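Pulled from TrEMBL:
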DOMAIN    47-105  domain 'Chitin-binding type-2'
DOMAIN    113-175  domain 'Chitin-binding type-2'
DOMAIN    184-244  domain 'Chitin-binding type-2'
SIGNAL    1-16  signal peptide
Amino acid sequence: MLKLVIFVVFVAYVAASPAVKSDALSAGTEKHWSKPPTLEDDCEAGATQCAANPSSDPFVKPGDCTHFYQCSNGYLCTMDCPDDLVFNPEIKVCDWPWNVTNCGGGPSPPYYDPDCLSPSGIPISRLPFAKPGDCDSYYKCWRGHRFEFDCPLWFVFNPKTGCCDWPIKVPGCGPTLPPKPVPPPSCTDKNGKPLSTGPMAKPGDCNNFYQCGAGILYTMPCAPGTVFNPDKKSCDWPYNVPGC
């Protein structure tokens, strides 16, 4: 009877022992970890692409710009590029589309301005030249590309010298001067003798004309609705007088 009691106490002690409990948990954990891992859907075993190099650098996935391949321990894995990027096989990383041929970018013929090409179509650099219709700015070519520059305040571009200059030195870019007034006709001869003449045109005035009488210059009006005709030396209908 005493031996039975001792055996029961010993069993209870072993069951409550932390070491034994830890060993049991460890055994259970080892059993859980021993389950073989499952491969994700984007990896493929036994792919020929990974036969020569089981662990490789990224390489292109034919016909797919937004994904790339990479071998890992013999598995061929399909990898995604981040949003808005594509795989660049030259540098083996995801890159902006315009840097990758056939993926939204790639090389394209450079644009050259026609003003910056030689007669044979070779890009050139040239000295400053006039911008048509603009006195304050000018163009300059560098390796086939045209650039626009502004002259400093109060200056205009002088195409003859190829630099900015005072407006008064550049025809068409200086201040607009009023036309010189046309002196009225004289009603005396070279000896100062008074003259009387027939009607004469008054420059810039269709509705009036000049006439000398006894050395005095008179401005005479045409009748309403008519203009002075210098060919007939009389007032006439406007449609018979060009410019009036």
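Even glycines carry a Cβ here, placed using N, Cα and C.
For the domain 'Chitin-binding type-2' (184-244), residue counts in helix, strand and coil come to 3 helix, 26 strand, 32 coil, using DSSP.
Helix first, then strand, then coil: DSSP counts for the domain 'Chitin-binding type-2' (47-105) stand at 6 helix, 26 strand, 27 coil.
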